[in-house]
There are 2 protein chains.
Amino acid sequence: MTTPRLPGYEVAPWELRWRWLDLDALRRTESTFALSNGHIGFRGSFEEGEPRGLPGTYLNGFYERRPLPYAEAGYGYPEDGQTVVNVTDGKIIRLLVEDEPVDMRYGSAPHHERVLDFRSGTLRRNTEWVSPTGRRVRITSERLVSFTQRAIAAIHYEVEPLDGQAQLVVQSELLANEPIDGDVDDPRVAAVLKGALVSDFAVGEGSRAVLGHHTRRSGLRMAAAMDHEVDAPAEVSTENWTEGDLARLTLAAEVPQGRKLALTKYVAYGWSSQRSPQALRAQVEAALAGARQSGWQGLLDEQRAYLDDFWEAADVEVDGDAELQQAVRFALFHVLQAGARGETRAIPAKGLTGPGYDGHAFWDTESFVLPLLTYTLPDAARNALQWRHSTLDKARTRAAQLGQSGAAFPWRSIDGDECSGYWPAGTAAFHINADVADATARYLAATGDGDFEASAGLELLVETARLWTSLGHHDAHGRFRIDGVTGPDEYTAVVDNNVYTNLMAQRNLHEAASHCELHPELASALGVDEEETARWRDAADRVVVPYDEALDVHPQSEGFTKHAHWDFANTPPEGYPLLLHYPYFDLYRKQVVKQADLVLAMWLRGDAFTPEEKARNVAYYEALTVRDSSLSSSVQAVLTAEVGHLELAYDYFAEAALADLHDIYQNVRQGLHIAALAGAWIAAVAGFGGMRDHGGELSFAPRLPPELSRISFRLCFAGSRICVTIHRDEATYALSHGEPVRTSHHGRPILLTQGQPITMPVPRPPENPLPRQPAGRAPTRRRLQPTPGG
Amino acid sequence: MTTPRLPGYEVAPWELRWRWLDLDALRRTESTFALSNGHIGFRGSFEEGEPRGLPGTYLNGFYERRPLPYAEAGYGYPEDGQTVVNVTDGKIIRLLVEDEPVDMRYGSAPHHERVLDFRSGTLRRNTEWVSPTGRRVRITSERLVSFTQRAIAAIHYEVEPLDGQAQLVVQSELLANEPIDGDVDDPRVAAVLKGALVSDFAVGEGSRAVLGHHTRRSGLRMAAAMDHEVDAPAEVSTENWTEGDLARLTLAAEVPQGRKLALTKYVAYGWSSQRSPQALRAQVEAALAGARQSGWQGLLDEQRAYLDDFWEAADVEVDGDAELQQAVRFALFHVLQAGARGETRAIPAKGLTGPGYDGHAFWDTESFVLPLLTYTLPDAARNALQWRHSTLDKARTRAAQLGQSGAAFPWRSIDGDECSGYWPAGTAAFHINADVADATARYLAATGDGDFEASAGLELLVETARLWTSLGHHDAHGRFRIDGVTGPDEYTAVVDNNVYTNLMAQRNLHEAASHCELHPELASALGVDEEETARWRDAADRVVVPYDEALDVHPQSEGFTKHAHWDFANTPPEGYPLLLHYPYFDLYRKQVVKQADLVLAMWLRGDAFTPEEKARNVAYYEALTVRDSSLSSSVQAVLTAEVGHLELAYDYFAEAALADLHDIYQNVRQGLHIAALAGAWIAAVAGFGGMRDHGGELSFAPRLPPELSRISFRLCFAGSRICVTIHRDEATYALSHGEPVRTSHHGRPILLTQGQPITMPVPRPPENPLPRQPAGRAPTRRRLQPTPGG
């Protein structure tokens, strides 16, 4: 896998800086420089609106419906899709310098840099621009999407003439229905919706304006409001103009050289499927009033305090690879942004950083993002599970439509309705239900959150368990089979007894039964009796886990190892990703793996495999896995680390962490790969930290790759805070806060108490022959790359 | 399966008569009364144009393109579909009686009947109509689509005033772009295209007119022309009017009571993807000249002579069930109409009787229609195979696109390009290629047609054999597996080692190798060497045929018998056809069979099963097969007869023969089920006649069901003609023409020579326990139904 180094990002531990003007990279950097609090998302586009890559402003859960067409329709195919809408853009602050619009495609920029600061939670910009006629100005801006005031974004913007007094005209806008270009040569790229917003109202007066809109087909309503504070060294004339899709505050002033025209813009957003336009208007105006009361500095202070808390709980330190240190914090920062304040909304696969995957959420959330959030920001994990729970009625309806009991969560969705238009890789991927249950059980074990268990958690476990007993059946020998479903690997579909699915269903059934046993009254209220829990346990105990005795490996699913091998030798580099160059029929029937599947089972259900099985399976599946999905390298890092291939694990770690900074999948313009970024944490904590949580028991088995001298990470567990520091030969466990925690180090039990760090020796890794990857698909050898600036 | 008896058809041995006016049944009878010669198709609509069900005039191979939409696109999905076009309607002869348009929705019809005559090859109509104001006329018409003059249809039309002199105005039309209603609540129903035809020219003079059109997207050109002969007892004023989509000859006359205004209308059609409008105009005008030279009586005489020959070679006599006798001749007549003069065009699943399935041809042709045509009208069989051969370049291109060698014929198509928009039930059904090869080998064995073998047959065998060696692979034990394909049963998809597919591929590989061995020079010209034929033979000999040792049956495909059984007990009658009420995912993963699959293998590859295996497999699959496809009952008739369930076979025979007359599938309005009709012949000849042709050896094993006293059928074989007559206790074989034929009777070799009929005793059938069908899905017990008029 090639990881082209893009120019531009400078290596620094706590920020992402881009010092040059590279118009071609605009779309990519709009994604990496995106700001979000999980409710509002601002892509990192320039204040002046143009040049631009793919402008984007998103509100979590706000979507438009579109019909899903089928060449040949079928029963149970979803009729409607959902697509995230580019809502009213509140980022825009246009500037004219002596009648010349500032546009970086013209004139020149002797200095230009943008900095995403992981500790301040802001995007700063500093541009010195020379107009085509030679006038020089400095533009500085800083903006944030507030973690503490969920409806608020704000921009502080300053312009300074550098070569004598200049007339400056600033236009601060709210702009709806921006025309955007499509990008449709890839089936994975989102459909583009044009003119999705219909104006409900547009009002403005003084420094304030509000626009109200609704979507044409989904009928969702939104409002966006702005207010401003101006600080100018001279008289400023102002004009407030509003019309349907546009609100504009225009400021004009003669500004002397060396003085600055400063503008603080507060933007508030709200949306609802129920509330009236009037109520929404009141809501955003109230939010604006709150933000103005805090003021710009107040918002900055709150933002930094919020992030100080986050880093205290979540930081991962990596010594020995400065770029990777930066990438890991970049990853953590963006996962935080995706999940912080979603609150009963989904965490989409792209967060709120771009329109990719139509803005849908997948199993990525539960299986990749929630492990991170559960141990670093458990409230955000609970909120994400709360969203799933809020869609239970839709999931029950879907299950019934499919002839099943319990709940069938959608493969991809914004509001909980299935939006997958290709059932073999959508509806059939029932494992998402076990993934939801696993995330629920993990959250409950890691937090002991009894309120959530009672209000939502138990019901999630029960309804997903019910699905499995209806999906599976007992064969003539009493074995419990789950036939005709699709596992995580999207290059294999509609198979019998996928090992991952069966083992995760097994856990789901056991967890549901155990939690019902602990809470018989709650269980009874959900209609669960002892007969039902007995059926769950029986099915779980008898679940089929196929094994290939001849090859001594687990087939990913029944019959998998009998299939022909993919002809890797004759697949050219440009043949990847394979799904764009080969038909599904041929991918499905051959031994080629898009993403960790059996290997994922060995992480999440590592308790179901022996160390020897893990080593053999890793060797077998490494040779088949092409990583055409961003959900693979982190999992491969975990398992290759466990079986002793620490250098290889390090390469996979880097691939996950750098997925978007190196644009490995060549589509970061459509938004970040939030699950791959969460995978950087997974690779560090579960990979090199060896952290596992089977059955709610926390355990560690740390080992460093030779390239790194230290990894240190923090975890929240049962209200306590743990810090694990791994050196080459020893690892130290410290409890910084809370009750004592029982855990283990390479199988040896330890009890962590405050003020008593425990240091343990790191044993030598197991020795297994280094596996091979398909021709051309080995991860980039990290040590061969000089680390720029590092 | 319910077989509602529709009112209307009268039982008669050589005709189909409908004596009442039933406007609700119009769409159905337009299909059953359709006329066609395989090139032109006229649905059985009234001359006066209205009332109408679904008017239709079709030219074989003439289609419009339409984009195939996908909710989620994939590599190799066809972008364009093809839909048969309702072309310029030449059937229309409107009538005004004293200013009152004849329309059977108004006034009354004291007498009305229509007769499809299987020996004259015409559709006759006799209507006495009383206008709302009380004027009475008799309208008689007879029409034909000529078997002998391929471009020609003709109508002889007479009107007689019955209550005094009347002014009659007759408008004979060519009408393009008739608006037609859609019928889209079933995914199997064709897309309706509106305004598909663009006018190229419209000319008319005297009694003649020609309209030229082309299709908007596919760019095919067509012309339709008409000419007339008028016979009137009084002066007739005429007017010829033509405009873009309409040509109209208007005749007006005062006709005395008891006299007739008679009109003969000749209609000629032509189309081309290459020829100019001028050339097409000349072509249809030339055809008209030929038809006029023959005259109406000449056309009638030719038609009858053609049919006399056909019935001489193809008739099947059934004593003891008059309705079934009629149904079998109806079936033979329509299969003849579908295949007679297609000439290098496909035989669509609906023939040219309606727009169902978009007018596409499927494997139905090779596996159901061609067995009949090969032994009754071998030239038509050759033409259909010639069509396949003419699409070889497209099939090679498709195979290459799919990463395969050889040829991959389309699952559904008009011109040879794949039009299937759902790959698991389309592209993956690679068995169609073995079906083409099987039909080719059968035709070659039955005719010894060396010219066809050299020009097309061998290449068809070779290119399909090449597909199999690239589709399959050898496993570690040297067994040849064909993974990830779909067999005939559309309720199971994308499976490993489907028995039918593997056995048919085996035959394909052997036939290709044998024919290449016989014709080394021809083989060499196709690039075949001994290494390649050795590889084919090796693959064929080592092909995997899964067997379930525990159940002692063949699983339809690997793992099939491990799947859960469909819950038939809880499937209500209105839940059928299942595909409209249950999701594919659930159908695919359970033991439920839409149509004969393993059972079909036991017919076409009966040489690969022991009698005991057949009996056990029949019992097993009878219990799983719901017959939601019209391709099933005939095959079930064949195998249930073979294993001794003769009454059950009789029920399946009736279900196949009456599929359209009883509208069993509730969609005959969209066109006839040509393969089900061919299945009536299969049930009689292969079922009760026990005819098999494995390896080109003809054999018989006749047995009658108790309800019938005699079945007699005729076959063409190697230029000879055989008649087989089956009585309860004995069967007689006679050679009426040609060289002696070696065959066998229940395994005993016999040699048939002219003038020396051989009579042999019929042994008792094997005794096997009567199988059960899924609840509610047993075929209608035929003996419980009183035979109307019989």
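Counting begins at 1 with the first residue displayed.
Placement of Cβ uses the backbone N, Cα and C atoms for every residue, glycine included.
Features as listed in TrEMBL:
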DOMAIN    B:21-272  domain 'Glycoside hydrolase family 65 N-terminal'
DOMAIN    B:329-681  domain 'Glycoside hydrolase family 65 central catalytic'
BINDING   B:Trp363, B:Asp364, B:Lys594, B:Gln595  substrate binding site
ACT_SITE  B:Glu490  active site, proton donor
DOMAIN    B:691-751  domain 'Glycoside hydrolase family 65 C-terminal'
REGION    B:755-790  region 'Disordered'
COMPBIAS  B:760-772  compositional bias 'Pro residues'
- Cβ within 8 Å of the mean position of the Cβ atoms of B:Trp363, B:Asp364, B:Lys594, B:Gln595: remaining residues of the chain near substrate: B:Phe362, B:Ser367, B:Pro488, B:Glu490, B:Ser629, B:Ser630, B:Leu631, B:Ser632, B:Ala675
- Between the Cα atoms of B:Lys594 (substrate binding site) and B:Glu490 (active site, proton donor), find the distance and write it as a whole number of Å. 6
- Task: Between B:Gln595 (substrate binding site) and the residue listed as 'active site, proton donor', find the distance joining the two CA atoms and give it rounded to the nearest Å.
- Result: 7
- Summarise the model's confidence over the domain 'Glycoside hydrolase family 65 central catalytic' (B:329-681) as a mean pLDDT value. 97
- Item | Structural state census, the domain 'Glycoside hydrolase family 65 C-terminal' (B:691-751) (DSSP three-state) | 3 helix, 35 strand, 23 coil
- With substrate as the bound species and B:Trp363, B:Asp364, B:Lys594, B:Gln595 as its recorded binding residues, calculate the greatest Cα-Cα distance and give it in Å as a whole number. 16
- Item | Of B:Asp364, B:Glu490 (the recorded positions), the residue whose Cβ has the fewest other Cβ atoms within 10 Å | B:Glu490
- Query: If one measures from the C-alpha of the residue listed as 'active site, proton donor' to the C-alpha of B:Trp363 (substrate binding site), what distance in angstrom results, rounded to a whole number?
  - Reply: 13
- Task: Sort the residues of the compositional bias 'Pro residues' (B:760-772) into helix, strand and coil with DSSP and give the three counts.
- Result: 0 helix, 2 strand, 11 coil
- Task: By DSSP assignment, list the helix, strand and coil residue numbers for the region 'Disordered' (B:755-790), in that order.
- Result: 3 helix, 5 strand, 28 coil
- What does DSSP say about B:Trp363 (substrate binding site): helix, strand or coil? coil
- Message: When DSSP is mapped onto helix/strand/coil, what comes out for B:Gln595 (substrate binding site)?
- Response: coil
- Message: Please report the three-state DSSP label of B:Glu490 (active site, proton donor).
- Response: coil
- The number of other Cβ atoms within 10 Å of the Cβ of B:Trp363 (substrate binding site), counted over all protein chains shown, is 22
